[in-house]
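Presented below is the structure to which this report refers.
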Amino acid sequence: MPIYSSDSDDPHPSHLVPTRRFLAHNRPMHAILGGGKVADILLWRDKTITGSILIGFTLIWSLFEVMEYNIVTLLCHISMNIMLILFIWSMGAGFVDWNPPDFRAFMISDSTFRWLCGKFNSMLVKFFEISSGKDFRNFFLAITFLWILSVIGSYFSSLNLLYLGFVCLATLPALYERYQNEVDYLVRQGNQDMKKLYNKFDTEVLNKIPRGPAKQKKKF
């Protein structure tokens, strides 16, 4: 959808001012998200995998929130079904030309554990760097974000909040990548409107507040 901007009321025409991005960078969204498999999933590069994950999370959310399934009951039913499948597979391998199940195929590799531990350690390092107060801006933003998240969490259950966060992660980056120019235009117009509103408030309200003469300090 093409966007046409009017510069008649803007003291700095858009063709003279560099385009401001919503995320304040010029890198593509895929690079911002890490450029790996996770970025491919979040940006729907592989629609089959992303759609399957989204459907899986939706089914899990429906089981617990809509059907009010208990997590212990669900885990027991899943374990029983897996055990029955492995039992039939093992018993049937002696009568039919099947290969018996190999337990090594179900084992989690050491590289996966190392990757998870590395991610967890990097998160801890980042947490301590922010908490140390070396960058006050990031510290203030982190505290504000956690406070807002705590307020939102008081109105939702944990599962609903996790599901809502996952749906946002699975949709918002892809939508922004597709409609990046439109979003950047709306953000730029919003910034201009906020500046005009503040200037009007400053002119009509703040500047009309009477101010007394500045007191001079006595010299001894």
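Backbone N, Cα and C atoms are what each Cβ position is placed from, and that goes for glycine too.
On a predicted model such as this, the values are computed, not experimentally measured, just so you know.
For 38-219, the entry in TrEMBL reads domain 'Reticulon'.
With a cut-off of 8 Å between Cβ atoms, the residues of this chain six or more beyond the transmembrane segment (48-64) that come close are 40-42, 71, 74, 159-160, 163, 166-167, 170. As annotated by TrEMBL, transmembrane segment applies to 48-64 (among others).
Residues 63-64, 98, 100-101 of the same chain sit 6 or more residues outside the transmembrane segment (71-92) yet have a Cβ under 8 Å from a Cβ within it. According to TrEMBL, the feature transmembrane segment maps to 71-92 (among others).
Same-chain residues lying 6+ beyond the ends of the transmembrane segment (136-156) with a Cβ under 8 Å from its Cβ atoms: 130, 164. The transmembrane segment feature in TrEMBL is assigned to 136-156 (among others).
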